[in-house]
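So the structure is just underneath, and the comments pick up after that.
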Amino acid sequence: MTIAVLSKSPSPTRLEGKFMGMLVCWILGLGSLVSWNSLMSIGDYYYALFPNYHPSRVLTLVYQPFALGTMAILAYNEAKVDTRKRNLAGYTLFTLSTLVLILLDLATSGKGGIGNYIGVCAIVGCFGVADALVQGGMVGDLAFMCPEFIQSFFAGLAASGALTSGLRLMTKAAFENSNNGLRKGVMLFLAISTFFEFLCILLYAFIFPKLPIVKHYRTKAAAEGSTTVAADLAAAGIGTQPIEKADNDAKQSQRLSTKQLFYQNIDYELDLYLIYVLTLSIFPGFLYENTGTHKLGSWYPLVLIAMYNVWDLIARYIPLIEKIKLKSRKGLMIATLSRFLLIPCFYFTAKYGDQGWMIFLVSFLGLTNGYLTVCVMTAAPQGYKGPEQNALGNLLVLFLLGGIFSGVALDWLWIIGNGKF
């Protein structure tokens, strides 16, 4: 069988909209995690409402089974799922869930109690489902496009953390001395997050599919047998003929199976799993509950969260410099395993170190997390056909979410070991 190969110098019309595509991918990445990062950034508010329920740890633990379970189902059935409907459903669910979080607080007048806490947990479960819909769908979609798109998307994911941390610090400062200031800052903060989610719906539905470069890559993926892009092509005014669909069915049967892709990329999948096992075993629960009391007072955990998010964002742009981008599969694995040396570093710094050392460690945690994530995500899909890249993208996100879930579970060992459970 012969496979048509695109010219190395595609016509300018095919590449039109690349910068706009990168910008939209960045915003879509931001929207994929802005709700969750908002929840993490207002952790001080939930600790004030629910001081005995370990909110940063419990909410993260509630979120992850929904995200992981939904992602597992979607990864298994990725070839049958319409990417456009999947992503729009995810962004819509994010928007509605964040709005309901505001309405719940208004309805209960910002009071604590187990009923309110269960309501917050239910909304967090919806965030988990939305995360699986969007993150797997977007990574699978962008995996068969240019690497800059997936890099921009993951930079946007990190930017959501940096942006929410910055906004949280500003709203805390603005309302700190006013009556009920903490709650007012949180409400304004969540309203801004809801706006960003709604913006993502509009961008994905009406702007992104019509960019020439996006139409080019999706048409190419469809020609290689992908059936998940049909609705997006239709939204861009490109139809698929019945004969082409029959031909695509034949090509789809000739692609590597999900099982084959799993075994061929087991090291990349383990990399992502281990990267996020380590990160989430420390961030955010350990930073809120196990770093002690320092001169920064109530600002201390917020500063730590902000430093992690800022360096995570910066690190996701470093792989754009080809000379310092890590491409070796063995090198990626060694770097990933080396990060586990941070565990004793955090333990002894929390016990004996000053706040300056903790800020440095948190910054390094964010730096390595962002850098290695982008290196793995941009290297893994290379050399595969469109449908295979989509399937692999979903597999990679499944392992990423699996790592997050495991890290969140292991995070409880910090407080069990301290006898504070």
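Glycine is treated like the rest: Cβ placed from N, Cα and C.
These features come from TrEMBL:
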type     : residues : note
TRANSMEM : 20-38    : transmembrane segment
TRANSMEM : 58-76    : transmembrane segment
TRANSMEM : 88-108   : transmembrane segment
TRANSMEM : 114-134  : transmembrane segment
TRANSMEM : 146-167  : transmembrane segment
TRANSMEM : 187-208  : transmembrane segment
TRANSMEM : 270-287  : transmembrane segment
TRANSMEM : 299-319  : transmembrane segment
TRANSMEM : 356-380  : transmembrane segment
TRANSMEM : 392-415  : transmembrane segment
Are the transmembrane segment (20-38) and the transmembrane segment (187-208) close enough to be called in contact, which here means at least 3 C-beta pairs under 8 A that are separated by 6 or more residues? yes
Could you check if the transmembrane segment (270-287) is in contact with the transmembrane segment (187-208), meaning 3+ Cβ pairs under 8 Å among residue pairs at least 6 apart in sequence? no
Best-packed against the transmembrane segment (356-380), counting Cβ pairs under 8 Å over 58-76, 88-108, 114-134, 146-167, 392-415, is stretch 146-167
Annotated stretches the transmembrane segment (114-134) and the transmembrane segment (146-167) touching (3 or more Cβ pairs under 8 Å): no
I need to check the long-range neighbours of the transmembrane segment (187-208): which residues 6 or more away from its ends have a CB within less than 8 Å of a CB in the stretch? 20-21, 24-25, 27-28, 30-32, 34-35, 38, 41-42, 87-88, 91-92, 94-95, 98-99, 101-102, 105-106, 164, 167-168, 171, 175, 214, 235
Considering only Cβ pairs within less than 8 angstroms, which of the stretches 58-76, 88-108, 146-167, 392-415 has the most against the transmembrane segment (299-319)? 146-167
Per the Cβ filter (under 8 Å) with a sequence gap of at least 6 from its ends, the transmembrane segment (146-167) is approached by 18, 21-23, 25-34, 37-38, 40-41, 138-139, 189, 192-193, 213, 217, 302, 305-306, 308-310, 312-313, 315-317, 319-320, 370, 373-374, 377-378, 381-382
